[in-house]
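Enquirer: The heme b b562 binding site annotation in Swiss-Prot covers 83, 182 and rests on similarity to another entry. Residues or ranges marked as heme b b566 binding site by Swiss-Prot: 97, 196. The annotation ubiquinone binding site is assigned in Swiss-Prot to 201. The transmembrane segment annotation in Swiss-Prot covers 33-53, 77-98, 113-133, 178-198, 226-246, 288-308, 320-340, 347-367.
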């Protein structure tokens, strides 16, 4: 008798995606982050659902409803901090997942990569709107500053900002619509994830060498299911350590003060995972230029397939580009640090130099080093 998982219309899809999927035998732990991101999304949707049962999206009661969740709801504090720190875990996994893709040349799977870039934008938008919901000082002023950036768009800027606000300032209408979008976007993300996987399974996974692995494939289950479970256990251990011992480590103390339009916090800054982009935004003195640089800092990922000059896919055997890659990683850490610092000397010039370096490495140096490496191997004939 044929196995039901191979014949049933629904189980057949699951079987081809997670059980009998032919997978390269040599993929390392860097390939674990896809499943970890799926786990993060599941955690965020579930905790978010339970938070939404008790949250009220009204400027008068939003802050106190979050306090009520933490104090009066059974395990509300746990759900709230799992959701807040789960977002940080989400971004840690996202950055590592994208970094893996850049290192091993996974961006040559164009459709998968582009859906991934769209997913990154969607997750960033969701996280930004979620940060506004507790209606603390940093929520309010973060929303004001970031939405205000759209006013830099010529002609329609001001109208666009007021349309997004639903009035002449960030107020009740803004909070309500942000809650609505924050609720719906994760489900759109989940749908995009399915499309992301669909395109990935058209080509099969990449591997550390960047070479074709058709000659050496193994079934996903049990080899990679058990490997993914180990990754999930490690991630959940780290998340729960954060939640139970250091719940406010990555948050801003200003957000424990209710939103007050009459009192601006001394340093308005986003959550840590946006600081690198925020530093790039601030490093350009012109408002429109800053906004364009901010968008381009993420959108540049979509250009990677066109900037690939080497005849080798992965950086595994390319020491010059490898060095540039790790300089880029260090550069992003510097940008993250600068984004959290006040706008004063020497932070301004450091931020500007780091921003120039960021774009130079990706747009100029890495493509050149790819050509040089090919010449050194006499592959440019």
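Using N, Cα and C of the backbone, Cβ positions are placed for all residues, glycine too.
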Enquirer: Taking just the CA atoms, what is the gap between residue 182 (heme b b562 binding site) and residue 196 (heme b b566 binding site) in Å?
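Expert: A Cα-Cα distance of 21 Å.
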Enquirer: Among 33-53, 113-133, 178-198, 288-308, 347-367, which stretch has the highest count of C-beta pairs below 8 Å with the transmembrane segment (77-98)?
Expert: 33-53
Enquirer: Expressed to the nearest Å, what is the distance separating the residue listed as 'ubiquinone binding site' and residue 83 (heme b b562 binding site) at their Cα atoms?
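Expert: Distance between the two Cα atoms comes out at 30 Å.
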Enquirer: Counting Cβ pairs under 8 Å to the transmembrane segment (33-53), which of 113-133, 178-198, 288-308, 320-340, 347-367 comes out on top?
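Expert: The stretch with the most close Cβ contacts to the transmembrane segment (33-53) is 178-198.
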Enquirer: Taking the binding-site residues one at a time (83, 201), which has its Cβ surrounded by the most other Cβ atoms within 10 Å?
Expert: 83
Enquirer: What is the separation, in Å, between the Cα atoms of residue 83 (heme b b562 binding site) and residue 97 (heme b b566 binding site)?
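Expert: Roughly 20 Å, rounded to the nearest whole number.
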Enquirer: Might you confirm whether the transmembrane segment (178-198) is in contact with the transmembrane segment (347-367), defined here as three or more C-beta pairs under 8 A between residues 6 or more apart in sequence?
Expert: no
